[in-house]
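Below is one structure; the comments refer to it alone.
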Amino acid sequence: MSTKSKIFLVLLVFCPLSFAAHWLGWGETTVFILAGLAIVPLAAFMGTATEEIAVVIGPNAGGLLNATFGNATELILAYIALKEGLIEVVKATLTGSIIGNLLLVMGFAVFLGGLRYKEQNFQPLAARLNASTMNLGVVAILLPTALQYTSTGVEETVLQNLSVAVAVVLIGVYLLSLVFSMGTHAYLYDVGVAENMEMPELGEDVSEPEPPTEEEKPNLWLWTGVLLVVTLGVAVESELLVGSLEVATESLGLTALFTGVIVLPIIGNAAEHATAVTVAMKDKMDLSMSVVMGSSLQIAFFVAPVLVIVGWAIGQPMDLNFNPFELVAVLVAVLIVNSISSDGTSNWLEGILLLATYAIVALAFFFHPTLV
């Protein structure tokens, strides 16, 4: 068992502790902290279970399962907050997840990987495609906000209808991107394969790699059960976290904006963060970039649109009119990541630049007076 798995197993102790804190009245702040720590290992085991099931059901269905459950923790947490009417916190969590993935996680991955390897390489074409797709995500959340701030008397129903329409477009693009990455152009996303293959002509079949030696497959029913249990655990812990959010943030002296943009995304993405950094330190920067960019794209093209549609359906209308300050931070993150990843190489100094940018953004949100 790896050291990372042992750490996550130890962190499971916070699950019963969070229940005890809730039922025994240890205080909302204690419940908030313990529930947040409990979500971290549950999210990790959700990812492990998804990967094990994917091995059994095959690459296509497995890829779709991974794509669906890739940000399940954030989706569950955001849905519960949305159900409680904390719409601005949900929006802040979405933008914070994108910012955290692009700056904090990629920063640590590039920095720590760069300390072990002088220069690391990754597929520049896939990076450019991801960057272009991310640009569309920025446009999708920028335009509804621009409509609100450049027009007078825009009714809430107009913004809601626009947001639902944009959400449908984004989900359509997300589905097509899955077809692209797992079907027509899968070779671009196969780590260690793309750089050794020539670009096929249109209509030309891409030869399949030699099948790996047959190994004993994981127990499908066991890992399905694990996935169901940890998903339920994430839902319960998210209820505790959201229920104590407002009182806890006030007692800790944090604004809801800072909590949504910085604190909650770190909790929800911690397991994914560990994966991206670990593989980067093994000189698998292609895989690390895939984890980071894939997670960010899922937030922008799947989680956010689904929440818009679900909010509309359950009577908690959420539009894509974001806090302008959040949009500036997302735009900064996307621009600097696009600049750094465009050449297909990375070094530790670029990691420092990403981490420094995240630190500045986090400080700006900490001192931002807006209470959402």
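Including glycine, each Cβ sits where the backbone N, Cα and C put it.
Positions annotated as transmembrane segment by Swiss-Prot, on the basis of sequence analysis: 7-27 (among others). Panel annotation: around the transmembrane segment (7-27), residues 34-35, 37-38, 40-42, 44-45, 233, 237, 240, 271 of the same chain, lying at least six beyond its termini, place a Cβ under 8 Å from a Cβ of the stretch.
Within the same chain, residues 4-5, 8-9, 11-12, 14-15, 17-18, 21-22, 69, 72-73, 77, 223-224, 226-227, 230-231, 233-234, 237-238, 240-241, 243-245, 247-249, 251-252, 263, 267-272, 274-275 sit at least 6 positions outside the transmembrane segment (29-49) and bring their C-beta atoms closer than 8 Å to a C-beta of that stretch. Look at Swiss-Prot and you will find 29-49 (among others) tagged as transmembrane segment.
Tertiary proximity for the transmembrane segment (62-82) is limited to same-chain residues at least six positions away from its ends with a CB under 8 Å from its CB atoms, namely 39, 42-43, 46-47, 50-51, 53-56, 89-90, 93-94, 97, 178, 181-182, 227, 231, 234-235, 238-239, 241-242, 245, 264-265, 267-269, 271-272, 294-295, 298-299, 302-303, 306-307, 310-311, 314, 316, 318. Sequence annotations record features per position, and here Swiss-Prot assigns transmembrane segment to 62-82 (among others).
According to Swiss-Prot, the transmembrane segment annotation covers 94-114 (among others), on the basis of sequence analysis.
Sequence-remote contacts of a segment are chain residues at least 6 beyond its ends whose Cβ falls under 8 Å from one of its Cβ atoms, and for the transmembrane segment (134-154) they are 95, 98, 162-163, 166, 169-170, 173, 293, 296-297, 300-301, 304, 319-322, 324, 327, 330-331, 334, 337-338. Sequence annotations record features per position, and here Swiss-Prot assigns transmembrane segment to 134-154 (among others).
Per Swiss-Prot, the feature transmembrane segment maps to 162-182 (among others).
Under the heading transmembrane segment, Swiss-Prot lists 222-242 (among others), citing sequence analysis as support. Only residues 6 or more beyond the boundaries of the transmembrane segment (222-242), in the same chain, are considered here, and those with a CB under 8 A from a CB of the stretch are 15, 18-19, 22, 31-32, 35-36, 38-39, 42-43, 45-46, 48-50, 52-53, 56, 69, 72-73, 76-77, 80-81, 84, 86, 267.
Residues annotated as transmembrane segment in Swiss-Prot: 251-271 (among others).
The transmembrane segment annotation in Swiss-Prot covers 294-314 (among others) and rests on sequence analysis.
Residues or ranges marked as transmembrane segment in Swiss-Prot: 320-340 (among others). Residues of the same chain lying 6 or more positions beyond the ends of the transmembrane segment (320-340) and with a Cβ under 8 Å from any Cβ of it are 88, 91-92, 95-96, 98-99, 102-103, 106, 110, 131, 134-135, 138, 140-142, 144-145, 147-149, 159, 162-163, 166-167, 257, 261, 304, 308, 346, 350, 353-354, 357, 361, 364-365, 368, 370, 372.
Per Swiss-Prot, transmembrane segment is recorded for 352-372 (among others).
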Proximity verdict for the transmembrane segment (352-372) and the transmembrane segment (162-182), three or more C-beta pairs under 8 Å: no
Proximity verdict for the transmembrane segment (162-182) and the transmembrane segment (294-314), three or more C-beta pairs under 8 Å: yes
